[in-house]
Amino acid sequence: MPNASSWSASSPLLLLWEDSSGTRIFLSLLYAVLAISGTLSNVMVIYLVFSFKKLQTTSNAFIVNGCAADLSVCALWMPQEAVLGLLPPNSSSLRSAEYRLLRGGLLGLGLTVSLASHLLVAFNRYVLITKLPSVYQALYQRRHTGCMIGLSWALALLPVPLLPGLWTLGSAQSDGSSRYSALLLALAVLGQTALLLHCYLGIVRRVRGSAKRVSVLNFHLLHQLPFPAAPPPPRRAQRRLSSVSVLLLCCVFLLGTQPLVWVSLLGFFLRPAPPALQAASWLLLCSLSALNPLLYTWRSEEFRRAARSVLPRSEGPAAAPRPAAAA
């Protein structure tokens, strides 16, 4: 049986670096559940936006962009991890450098575009709430929106070759390139998180400071915010509920991203974290790909109404036939 270092160098990215078949089977089942749920939810959001004109907004264009990126993780990468976790540790598929590069590229591309889409959605909503309508209309023309989406994919292609270095993160055989790849990843996620929090906390300050400012904006895009759509509660309760909704979204995002950031920084400056902690931090980050569609649509009445119109409804018991009238 391979030792710990050889297992860490050849195992799939999120599998624990040990010879426990029970652990590998558990993680494989977890990947399978995330893959199925994430694929269905992302495809559903994309279908609803393309099928209903009311949902075809600038903010939803960025959400669809994130869903497309998340499909790279949920529909293409996670199923492979679920299958590879059931293979023996000395399988040739685990040791193939080309196959590892392919899986690392899918994961890197999907996560990078997904994180960029989070930031694009946050900045879009920040401009909508805190700036004048003329500024929003000038910035988010159709051409500019398309350029932003294209740029997110173009930038995501740059760090893809660096991702395979993270496969040996924390192992005894890891070299300097993997440590610097981990540092680059941590700094990129940390910077993106700081910008996202700045946008959403700016929205919270504006909403709490001036609920009237939000209520007079005649933008149907406001229904895509994680705020209650209708009926509107009293002003004080609306400000409180709006703040809680935004903070809840930020907390879920921080829970999914920050463990990997600090595990990577710990491994670069001090010593590698335990393999279980590294695997858990990666798993939290990848699970965001399955949760993202719910994060951005669960408070939207437009999305709920569109989903109810396409999902099959269970019909109640048939009504009893009415007796024929007497002649």
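Glycine is no exception: its Cβ is also placed from the backbone N, Cα and C atoms.
According to TrEMBL, the feature transmembrane segment maps to 25-50, 62-80, 100-123, 144-162, 182-203, 244-270, 276-298. Among the features that TrEMBL reports, domain 'G-protein coupled receptors family 1 profile' is placed at 41-296.
Put simply, of 25-50, 100-123, 182-203, 244-270, 276-298, the stretch with the most CB pairs closer than 8 A to the transmembrane segment (62-80) is 100-123. Listed by sequence, the residues of this chain that lie at least six past the ends of the transmembrane segment (100-123) yet keep a Cβ under 8 A from its Cβ atoms are 12-13, 59, 62-63, 65-66, 68-73, 76-77, 80-81, 148-149, 152-153, 155-157, 159-160, 162-164, 166-167, 189, 192, 195-196, 199-200, 253, 257, 285-286, 288-289, 292, 296.
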